[in-house]
Amino acid sequence: MGCASSAEERAAPSAQQADREKLKEDGIQAAKDIKLLLLGAGESGKSTIVKQMKIIHESGFTNEDFKQYRPVVYSNTIQSLVAILRAMPTLGITYANKDRESDGKMVFDVIQRMEDTEPFSEELLAAMKRLWADAGVQECFGRSNEYQLNDSAKYFLDDLDRLGARDYQPTEEDILRTRVKTTGIVEVHFSFKNLNFKLFDVGRGQRSERKKWIHCFEDVTAIIFCVAMSEYDQVLHEDETTNRMQESLKLFDSICNNKWFTDTSIILFLNKKDLFEEKIRKSPLTICFPEYTRAYQEYGEAAAYIRSQFEAKNNSTTKEIYCHMTATDTNNNQFVFDAVTDVIIANNLRGCGLY
């Protein structure tokens, strides 16, 4: 009996050690499974990030993807031009050359016939080029913060000859610039730094609807919240009395201080910094923030002020907001995501008691 008891006593510590090792292994494995929730107001750059993750961490776009995005490029381009033409009468702007009226009618007819996803005919391409070169159209484009216009409009309209070529095939950059409204939940899986990522883009989601599903994501590792810096002087599509950045601030407040995300890391992506840097020279930040009193609209100071406004929404003394400024440039976002991943690894291991 004494020998048996002694053997049991000796076995107990080793069993406990095995349990500890098993718990540690499970913790390490759990720390390797990363769920990221992508949130932000409409047109804040969420879909672009999903596409960039596909380029960086998967095999990029397939031949079928390139084929499917071709009509999207055509539609985005002509719809952007139409948005400018429609805004001209509202803003009291006329064509510099009256001959452009017939060109405008041709473009409107294409939309009326729902042929905006078709390749441009030679006549249509020539009309679009003449319209884009018209001084009146350019004046209206310069006031695009006063109406709704895709921020990729200039990118595509400046390159009409390439888009209008008979053998045109979209580039990766073209696909990144396209705008397709996200419906439902988009899920992307990829591996990076020995981690297994699941990235969820839940689209726009009305505030009233958000309450119904937000708790389903309480176990996410981190939230990436996207803000379009360049939209500080624009209003919402659905409510043209509400400033887009002010709406983003409200949404960020509701997410950052949500009871479901008390222990969730929050990464703030201030997107479209390239467009913001260009716009801040001519459109004052006071449109969104009247209290911003700098006489000279300098990019660095203005960007820092926007960042401070979002960070000030954090009511927690223990939660840290990890902020990064990003552009449409994939190389820039690869560097940013690399830094973000290091933060996620450290926080996840710490949460499992392994760091």
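The backbone N, Cα and C atoms fix where each Cβ goes, and this holds for glycine too.
Within the set 1-24, 49-72, 145-168, the record from Swiss-Prot flags 1-24 under the feature region 'Disordered'. Among the ranges 35-48, 105-118, 245-258, the one that Swiss-Prot lists as region 'G1 motif' is 35-48. Away from its own ends, the region 'G1 motif' (35-48) comes close to residues 151, 176, 179-180, 182, 186, 197-204, 217, 219-228, 231, 236-237, 244, 247-248, 251, 255, 269, 271-272, 326, 328 of its chain (Cβ-Cβ under 8 Å, at least six residues beyond either end). For the region 'G1 motif' (35-48), DSSP puts the residue distribution at 3 helix, 6 strand, 5 coil.
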